[in-house]
Amino acid sequence: MFKSLNLRVFLPPFLLLLVSSVLSMAYEASFLTQVNHLNAWILQHFDWLFSWATFSFLILILIIYFTPFANIKIGGKDAKPILSRWKWFSISLCTTIATGILFWGTAEPIYHLNSVPTGLGIENGSSEAAQFSMSTMFMHWTLTPYSIYTVASLLFAFSFYNLKNNFNLGALISPAFGKPIHRNALGLINVISLFALVAGMAASLGTGILTISGGLNALFDFRQSVGLNFGIMACIVVAFTISASSGLLKGIQLLSDYNIKAFIGIAFFVLIFGPIAQSFSLGIEGLGEYFTRFFERSTDVQSNIDTDWQRSWTVFYWANWLAWTPVTALFLGRISLGYTVRQFIHFNLFFPALFSALWMVIFSGTAIAFDQNMFPGLLQEVLQNEGAQSVIYAIFDKLPWTGVISIFFLFIVFISFVTAADSNTSALSSISSYNVSQENAEGASITKILWGLIIGFVAFIMISYSGIDGIKMLSTIGGFPILFFMILVAFGLGRLAFSRKYRERISQI
């Protein structure tokens, strides 16, 4: 049963996560204090590197888009796609969304509307605050985060299919050095990356659990409790481990198709019955500010935004996206066979960023319009008294068919994390299994089950003992080591893209 499990890869991150979870339960106060200190140290000393690195990733991808390298087909000129364009887009989008835009799409703009950074000189709740809030949603959820994924997944796709590297994380950084990665170094990379992804997935699962518990409270007056959180976690983990065990061509395709159609359906509902004119007006104003101040806010150069705010929001997001990136990149790269580099950028950067931007116009715009004009202070009160997970349900309460749409939203939250976790659990399993190749990139089912249980356990511990603050810390700590890994990845992608001789040389190694 366990013959296919690569214990050398699996055990170190598993034991590290297990010890961390046990310590957080046995020594709750002191453990959380130490984790908080570590989190604060990372943000204090490396916030600038997070900002400049993620900005550089986007610039790199935009430059590559206009180079001859973008014409190369992943897998070679005779390669045939394993997925249609629609399935490719739906799987890529759902893999990277998880529960993020569902949880934060309405709650986050209320934070920014009513707690504008002091250095900007903007009055809380004002029209300028609304514009800042909307531009911040574009900042955190569109081009920059998707460029992080695109850099890593594009390099892996080319390295795996065109350069014939092995299906492991070493394929992501061997182009930076021009030679295969030493076994011991690869082992360290595996430990760090698997730990980071599980931390990121646990953080996302935590937000999903909180969102579902908030919905059950709003609909059926179920008070949040340890038992309720455990029940929600168990249902989600069982669902995504079963789906992941069914293989790429079964569970994930079906789930992602339903998932994206559900996204579109609920977005149209809010668009039709919500404050459409105000939402689009806010979207246009926010988009203008986003592009006008993109450089200074991306690099934190003369942005006048107070450092603590920048660290607790923007840098937190970059760390969270980074935590998911290396292992997710293996999955996204694997499903891109048969398409060109330029098409890859379309389907992994431009189209998902556009989808996310439209989502924010509709949902964030509705939240801001409700709290600022239509029902002044309502969502801010809900946020303060009931938590971020209840904001979306307060919005639904002011729209037609409240009960039906709230239940439908609960279903979307559930299936969204299951879809994202399915693909990433598949990648986790492939990395920690023997005999994975281009012909058979599926890991063993037992490893998918084990990783599913670990992710659920870590998420449950974090939300039970430290809530959203714990989720934020977990994301930052998980993303920190990946920051340096991703700098090497970006360097390797740059060498491949801009030097044909280099591509030809390392393809012969």
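Placement of Cβ uses the backbone N, Cα and C atoms for every residue, glycine included.
Look at TrEMBL and you will find 48-67, 88-107, 146-163, 184-210, 230-250, 262-284, 315-337, 349-370, 399-421, 449-468, 480-498 tagged as transmembrane segment.
Segment contact is absent for the transmembrane segment (349-370) and the transmembrane segment (480-498), given fewer than three CB pairs below 8 angstroms at sequence separation of 6 or more. When Cβ-Cβ distances under 8 Å to the transmembrane segment (146-163) are tallied for each of 88-107, 262-284, 480-498, the top count falls to 480-498. Taking every recorded stretch in 315-337, 399-421, 449-468, 480-498 and counting its Cβ pairs under 8 Å to the transmembrane segment (262-284), the highest total belongs to 399-421. Scored on C-beta pairs under 8 angstroms, the neighbour of the transmembrane segment (399-421) with the top count among 48-67, 88-107, 315-337, 449-468 is 88-107. Simply put, out of 48-67, 184-210, 315-337, 449-468, 480-498, 184-210 has the most Cβ pairs sitting under 8 Å from the transmembrane segment (88-107). Outside the transmembrane segment (184-210) by six or more residues, the chain places 8-9, 12-13, 16-17, 98-100, 102-104, 168-170, 173, 224, 229, 232-233, 236, 320, 322-324, 326-328, 387-389, 413-414, 416-417, 420-421, 424, 428, 431-432, 451, 454-456, 458-460, 462-463, 467-468, 470-472, 474-475, 477-479, 481-482, 485 with a CB less than 8 A from a CB of the stretch.
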